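S.K.: Here it is, the structure in full.
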Amino acid sequence: MNYEVYCGNAHAEPNSSAVQQLAEACVEQDASYFDGCSRTCVKDKYLLPLTQFDNLEIVVYGQIFPILVLFAVFANAAVALVLSKKHMITPTNVVLKYMAIAELLVGLVPLPWTLFFFSMGNIKETHRLELWWCYLQKYSMDAFPPVFHMIAMWLTVLLAAQRYVSISHPLHSRSACNVKNVRLATMIITVTSFLCGLPKSFDYEYETVHGWIYSHGNWTYASSCVMMPTAILTNMGQTVYFNIYFWTRALGFIILPSFLLVLLNGLLIKGIRRAQRRKLRLLREKRSEEAARQRDSNSTSLMLVAIVSIFLIVNLPQAIFMGLLCVCETFTIKIPILEGTFPAVFLIASNMIVIATYPINFGIYCFMSSSFRQTFKLLFCPGASQLQCERRIEAASAVHSSRRRSDICSHLVNVCTNSEGFMQVSHHCLHVDYLVSDRQSTQFTTMDRSD
């Protein structure tokens, strides 16, 4: 089968009256377009423009998007690396790590197409269009990014639910929300998301056309991708096929998780306030160790509330938009705002905002988690971290005997964690009476701990 057709002079519009009559008769039959090359009326194929707003997309996808992705890749890769260290493995951190990987792929997968087509200027070279351009655009911009976004969406729900169980039912959380179960839930979310995203990969096949096309009353010299329905789409019917796909995506992966996130976020905030009152009561009762543990738990919960809230702020508008779009398409309701240029511009802006929030999560981790900061320094600034460790050991040698030995030890253990996942502690930390003796280093690992 010939997938690429070249014919006609791009600077000479067909002017034969016979061809014009054929073209007009074709359009009157509700055909897709009239092919001036083969002089055939095309009914089951559709032209697919690679862009809708050239100038806007050149700026957004060609200039802004690569910079945003660069920051997002660094931030999410750093988060995934830090949370992969053995001493950082907790149920909460496991979810955060997989969220970072999913969010990284949301930005990284479209990058080859945006660099090739927009940044490298091939948007102005469509006369060189080849078949692989069509498939690259489809899979990198349309098929796979929504799948990874679905995964990130449900992982955020898992994160909020896991944390709510941890603070509301701490005894049950150790068995129900352990690392093994969290990884199993992540696998189920990933597989389900890919299965629900598969229909988008099997809706159309492609060919290319280079020649004169008559459509909407005008002749156009087109170098364009042409979509052809697959056998699955033809047998099911386009209305049924796309209604199932978009309603599943809208309800199961946008509206429902958004509703659950609003609910769980509210419950988390309520739980944090209750835990704060408990901490104050423990302090009044002079149970300082329990109060310190409660403070750490509250800090983790506050960090997760911040992450979930940011995720909701940028994704709720998309949820509302997708819900309206599905209702209008299913019941053929006309809403002026959903016609014209608004939907495309809204989605472009919304996608950029989503990518721009990913580095913010990294900032939240650094600001609110001391263990994250320390592990990050050990991974990416090992020299500075070792110097800091040595200085604190020196400081410990000057501590008076009135200070508790456990205070010194816990202080050093918190800082001197090396990049291999080991905690590095001087013997002086373990035996405060011999702080002035020659230092020898001991290494030990922490056990996996639940929240």
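Glycine is treated like the rest: Cβ placed from N, Cα and C.
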S.K.: Quick one: which of C177, C196, C225 does Swiss-Prot link to C134 by a disulfide?
M.R.: C225
S.K.: Based on the record in Swiss-Prot, is it correct that A275 and C326 are on the same side of the membrane?
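M.R.: C326 and A275, as annotated in Swiss-Prot, occupy opposite sides of the membrane (different topological domains).
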S.K.: Do you know which of 184-204, 226-246 Swiss-Prot annotates as transmembrane segment?
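M.R.: Checked against Swiss-Prot: transmembrane segment maps to 184-204.
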S.K.: Need a quick answer: max count of Cβ pairs under 8 Å to the transmembrane segment (335-355), which of 64-84, 141-161, 252-272 is it?
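M.R.: Per the Cβ count, the answer is 64-84.
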S.K.: Sort out the residues at least 6 away from either end of the topological domain 'Cytoplasmic' (162-183), same chain, that have Cβ-Cβ distances under 8 Å to it, and list them.
M.R.: 89-92, 94-95, 264, 267-268, 271-272, 275, 297, 300-301, 304, 448, 450-451
S.K.: Rank 64-84, 141-161, 252-272 by Cβ pairs under 8 Å to the transmembrane segment (184-204) and hand me the top one.
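M.R.: It is 141-161 that shares the most Cβ pairs under 8 Å with the transmembrane segment (184-204).
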S.K.: Looking only at Cβ atoms, how many others are within 10 Å of the one on C134 (disulfide bond)?
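M.R.: Step by step: centre on the Cβ of C134 (disulfide bond), count other Cβ atoms within 10 Å, giving 22.
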S.K.: State the residues, same chain only, that lie 6 or more residues beyond the ends of the topological domain 'Extracellular' (119-140) and have a CB under 8 A from a CB inside it; answer 'none' if no residue qualifies.
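M.R.: That would be 3-4, 10, 48, 50-51, 54, 57-58, 61-63, 66, 109-113, 201, 204, 206-208, 210, 223-225.
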S.K.: Would you find the one among the recorded positions N218, C225 whose Cβ has the most company, meaning other Cβ atoms within 10 Å?
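M.R.: Selected residue: C225.
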S.K.: For the topological domain 'Extracellular' (323-334), give me same-chain residues lying six or more residues beyond its boundaries with a C-beta closer than 8 angstroms to one of its C-beta atoms, as numbers and ranges.
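M.R.: Same-chain contacts beyond the flanks: 242-243, 246-247, 250, 254-255, 343.
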S.K.: Round to a whole number and give the Cα-to-Cα distance in Å for the pair C134 (disulfide bond) and N218 (N-linked glycosylation site).
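M.R.: Given the Cα positions, C134 (disulfide bond) is 24 Å from N218 (N-linked glycosylation site).
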